[in-house]
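Enquirer: There's a structure below that I have some questions on.
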Amino acid sequence: MTDDTRTRLVAALRGELRFNEPMARHTALKVGGPADFFAIPADPSDLQSLMAVILEMGMPYLVVGGGYNLLVRDGGFRGVVISLKQFCSMEKLPDNRLRAEAGSTNQQLVRFANGQGLTGLEFLSGIPGMVGGALSVNAGAHGRSVLELVESLTTLQGGKITVTFREDLRYGYRHLELKPGEIVLAAVFSLAAGDAEEIEGRIQGYLEHRRNSQRVGYPNAGSFFKNPEGKQAWRLIDEAGLRGCQIGGAQVSEVHTNFLVNRGGAMAADFLQLAQVIKSKVRERSGIDLEEEVRIVGVD
């Protein structure tokens, strides 16, 4: 990093800017080398100012939320990592709608909706991470996905804030089509009025299911691989005899085989090597190529 780069970024941001920030502090897997710059914008206009400088200088950048679905290599990230954790406002709108910013957690969103007597988002109960990340990967469970409920999406791309309505969104299984460099800022959800006790009952049911099936007990990024069409990744991994397989500090969970866990002292390289072993063994046994759901970034 140069003094000029540092000076320009500091001048552009009202929020916090850190230097050589270990990404292990900001990923659910607790691995990852240092980011050159780690920025925490105060609000969307602050992010716009920061992005204007980043784009002008042609710097690589990465937006993070709760650090789930993310693996940062041991060499870290050469550029600016941007945290949207300050973007956490939520509000009820007329006609059973709710607006939430990207830095709100999924659990805050579920609880806020319930508090407003709105139903539809209960299936997100227990899914870790933030709303921006859930939207970006079309997170879901129990046959539901979050983008099914989105009326509009607010994004920042090329320094311009844009609102895209449902009919113009392109999405699929664990995927939202975004333009290069487009950042999700907020969404408006179209929900339905419901009884608070019934909503709470569904929330508790989903939480209990997740506790029983996914309480893995160690740092993890959530599901590491996407489910191939008509198949379950965990079953393919289990059938390949990989339950409990361990490389360094990275292990295939004994509880849920699509969760790779940090048993302590793991490096990103351990997870990368373990992922390759899993893909090779599954391909060898079933002929199916697994695709990572976790995003892999950074340098070795």
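Using the three backbone atoms N, Cα and C, a Cβ is placed for every residue, glycine included.
Annotations for this protein, taken from Swiss-Prot, read as follows:
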- Arg174: active site (ACT_SITE)
- Ser223: active site, proton donor (ACT_SITE)
- Glu293: active site (ACT_SITE)
- 30-194: domain 'FAD-binding PCMH-type' (DOMAIN)
Enquirer: Kindly assign Arg174 (active site) to one of the three DSSP-derived states: helix, strand or coil.
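Expert: SS state of Arg174 (active site) = coil.
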Enquirer: Across all chains shown, how many C-beta atoms besides its own are within 10 angstroms of the C-beta of Arg174 (active site)?
Expert: 17
Enquirer: Grab the pLDDT values for the domain 'FAD-binding PCMH-type' (30-194) and give me their mean, rounded.
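Expert: That region's mean pLDDT is 94.
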Enquirer: Within 10 angstroms of the C-beta of Glu293 (active site), what count of other C-beta atoms is obtained when all protein chains are considered?
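Expert: Total other Cβ atoms inside 10 Å, all chains included: 18.
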Enquirer: Write down the Cα-Cα distance for Arg174 (active site) and the residue listed as 'active site, proton donor', rounded and given in Å.
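Expert: Cα of the residue listed as 'active site, proton donor' to Cα of Arg174 (active site) measures 11 Å after rounding.
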Enquirer: For Glu293 (active site) and Arg174 (active site), what Cα-Cα distance in Å is obtained after rounding to a whole number?
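Expert: Here the two Cα atoms lie 8 Å apart.
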Enquirer: Count the other Cβ atoms sitting within 10 Å of the Cβ of Ser223 (active site, proton donor), across every protein chain shown.
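Expert: For Ser223 (active site, proton donor), the 10 Å Cβ neighbour count is 22.
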